[in-house]
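*Asks:* In case it's useful when we look at the structure, here is the feature table from Swiss-Prot:
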ACT_SITE  Asp203  active site, proton donor
BINDING   His4, Glu162, Glu178, Met179, Glu180, Ser202, Asp203  purine D-ribonucleoside binding site
BINDING   Gly20, Arg24, Arg43, Arg87, Val88, Gly89, Thr90  phosphate binding site
SITE      Arg216  site 'Important for catalytic activity'
Amino acid sequence: MSVHIGAKEHEIADKILLPGDPLRAKYIAETFLEGATCYNQVRGMLGFTGTYKGHRISVQGTGMGVPSISIYVTELMQSYNVQTLIRVGTCGAIQKDVKVRDVILAMTSSTDSQMNRMTFGGIDYAPTANFDLLKTAYEIGKEKGLQLKVGSVFTADMFYNENAQFEKLARYGVLAVEMETTALYTLAAKFGRKALSVLTVSDHILTGEETTAEERQTTFNEMIEVALETAIRQ
């Protein structure tokens, strides 16, 4: 048991999916996993373990933002020895050729969070996905006939930011904005683990197109299937 996760050590698999929304964790467990049991309800941040195609998999909500996901992934790696962590979340597109409901594989993540500068004493550390996970996810997407987007995302500290520089980020090739990937990749590197963010575009910052809260909670199955298939091939 850790501070924020009330599970016994053996109750969490070494491969885990990480949605921000705990209700999406519940949806994934009920829809995709066999024999799923809930191992965590601390602070309402639900966690489940079950099997997918015979492979033991866990799914844990992380909450929103760098501080929240940092707590959960640190405890998962430090207290439960989780080896493979795949974020399944949403993002806002900032490129014209990226459409709502497209699936993005985050190869790298830049950020305006001070987390890494504090960690590295002012150095601009560049967090990246694990190549094996990225390659596997891309190949699975192609097998499924998906038009996956692969590239850089931006991890924002503020959801409502009056000074956001989305146009500049877009000029530099950033595909979308979200709030957790930089922390996930940095901490996975620290602990020597594998990490990847598989993201569904829930809204388009340039056009204003968006999905509903219900859609964000209970759909986006293509992203989830890619993540699960990637996890069990490790």
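Counting starts with 1 at the first residue shown.
Here the Cβ of each residue, glycine as well, is placed from N, Cα and C on the backbone.
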*Asks:* Taking the residues His4, Glu162, Glu178, Met179, Glu180, Ser202, Asp203, which the record names as binding purine D-ribonucleoside, find the longest CA to CA distance and state it in Å to the nearest whole number.
*Replies:* 32
*Asks:* Taking only C-alpha atoms and a 10 A limit, tell me which of Arg24, Arg43, Thr90, Glu180 are near Asp203 (active site, proton donor). These are the binding-site residues.
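*Replies:* So the list is Thr90.
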*Asks:* Between the recorded positions His4, Arg24, Arg43, Arg87, Arg216, whose Cβ has more other Cβ atoms within 10 Å than any of the rest?
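*Replies:* Answer returned by the neighbour count: Arg87.
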*Asks:* Counting Cβ atoms within 10 Å of each candidate's own Cβ, which of the recorded positions Glu162, Glu178, Glu180, Asp203 comes out highest?
*Replies:* Glu180
*Asks:* Provide the three-state secondary structure of Val88 (phosphate binding site) computed with DSSP.
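*Replies:* Looking at the DSSP assignment, Val88 (phosphate binding site) belongs to a strand.
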*Asks:* Rounded to a whole number, how many Å is the Cα of Arg87 (phosphate binding site) away from the Cα of Glu162 (purine D-ribonucleoside binding site)?
*Replies:* 27
*Asks:* Including all protein chains displayed, how many Cβ atoms other than that of Thr90 (phosphate binding site) lie within 10 Å of its Cβ?
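*Replies:* Excluding its own Cβ, Thr90 (phosphate binding site) sees 21 Cβ atoms within 10 Å.
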*Asks:* Among the binding-site residues Gly20, Gly89, which residue has its Cβ surrounded by the fewest other Cβ atoms within 10 Å?
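*Replies:* Selected from the binding-site residues Gly20, Gly89 on minimum Cβ neighbours within 10 Å: Gly20.
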*Asks:* Round to the nearest Å and give the CA-to-CA distance linking Arg216 (site 'Important for catalytic activity') with Ser202 (purine D-ribonucleoside binding site).
*Replies:* 7
*Asks:* Between Glu180 (purine D-ribonucleoside binding site) and Gly20 (phosphate binding site), how far is it from one CA atom to the other, in Å?
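*Replies:* Per the Cα atoms, Glu180 (purine D-ribonucleoside binding site) and Gly20 (phosphate binding site) stand 9 Å apart.
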*Asks:* Specify the nearest of the binding-site residues Gly20, Arg24, Arg43, Gly89 to Glu178 (purine D-ribonucleoside binding site), where nearness means the distance between Cα atoms.
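*Replies:* When the Cα distances are compared, Gly89 comes out closest.
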*Asks:* Would you mind reading off the Cα separation of Gly89 (phosphate binding site) from Ser202 (purine D-ribonucleoside binding site), to the nearest angstrom?
*Replies:* 9
*Asks:* Run through the Cβ atoms and count how many others sit within 10 Å of the one on Val88 (phosphate binding site).
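*Replies:* Looking across every protein chain shown, the total is 26.
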*Asks:* Where Arg24 (phosphate binding site) and His4 (purine D-ribonucleoside binding site) are concerned, what is their Cα separation in Å, rounded?
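*Replies:* Rounded to a whole number, the Cα-Cα distance is 19 Å.
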